[in-house]
Amino acid sequence: MVVLGVDPGSLHTGYGVIRYDNAGFHLLGCGVIRLHRRKSYFERIGEIYRELDSVIGGYAPVRLALETVFLNKNVQSALKLGQVRGAVIALAMNHRLELSEYAPREVKAAVTGRGAASKEQVAFMVTRMLKITGNPATHDVTDALAIALCDLLKTGMGSAAVPQSVVSSGSAGKKNWAQFVQSNPGMVVR
């Protein structure tokens with residue numbers, strides 16, 4: 001199962017492609033589509049569409065997952081983000097991909113066990129789950145990878161690859177999360 005995760009933005013759109021099989025999660029590719037402010041907004045949407053179209057052509061995902069709109073006080077920003085998401089959704093439909101969307105807290109909870117996790121905690125868990133050495137380029141990339149991982153976990157495709165302590169819920173999950181943090185003090189961002 002190959003999933004493309006997309007973290008849409010009008011200036012930076014992150015993407016990550018993950019395959020899950022019996023051996024676990026495999027990072028196939030990731031990156032950031034960086035757009036110039038000098039280009040018109042319509043040109044930027046077109047560039048996002050073309051770049052992601054190329055990613056889909058190269059990796060042949062069967063699913064596309066993206067984050068739901070984060071409500072912002074700036075109405076113009078929210079509208080622009082909605083238009084970018086619309087282009088990504090149209091692209092997914094043109095390629096006949098299965099499409100899912102997840103709230104930011106849902107993505108964080110799926111990957112870290114905590115819906116209020118910081119971007120640094122999400123990035124750390126993504127690098128651990130995908131066995132990435134070094135530092136991924138940006139939070140746009142790790143957020144997109146987290147969205148793809150969330151999709152695999154939520155659809156049941158990748159749940160066998162994650163330690164139970166990360167995905168458990170209720171008081172047992174809190175205890176396991178506390179144990180995890182205690183065992184890994186270098187991961188805690190204060």
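Note: Cβ is positioned from N, Cα and C throughout, glycine not excepted.
Here is what Swiss-Prot records for this protein:
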- Asp7: active site (ACT_SITE)
- Glu67: active site (ACT_SITE)
- Asp140: active site (ACT_SITE)
- Asp7, Asp140: Mg(2+) 1 binding site (BINDING)
- Glu67: Mg(2+) 2 binding site (BINDING)
Other C-beta atoms that fall within 10 angstroms of the C-beta of Asp140 (active site): 24
CB contacts for Glu67 (active site) [other CB atoms within 10 A, all chains]: 22
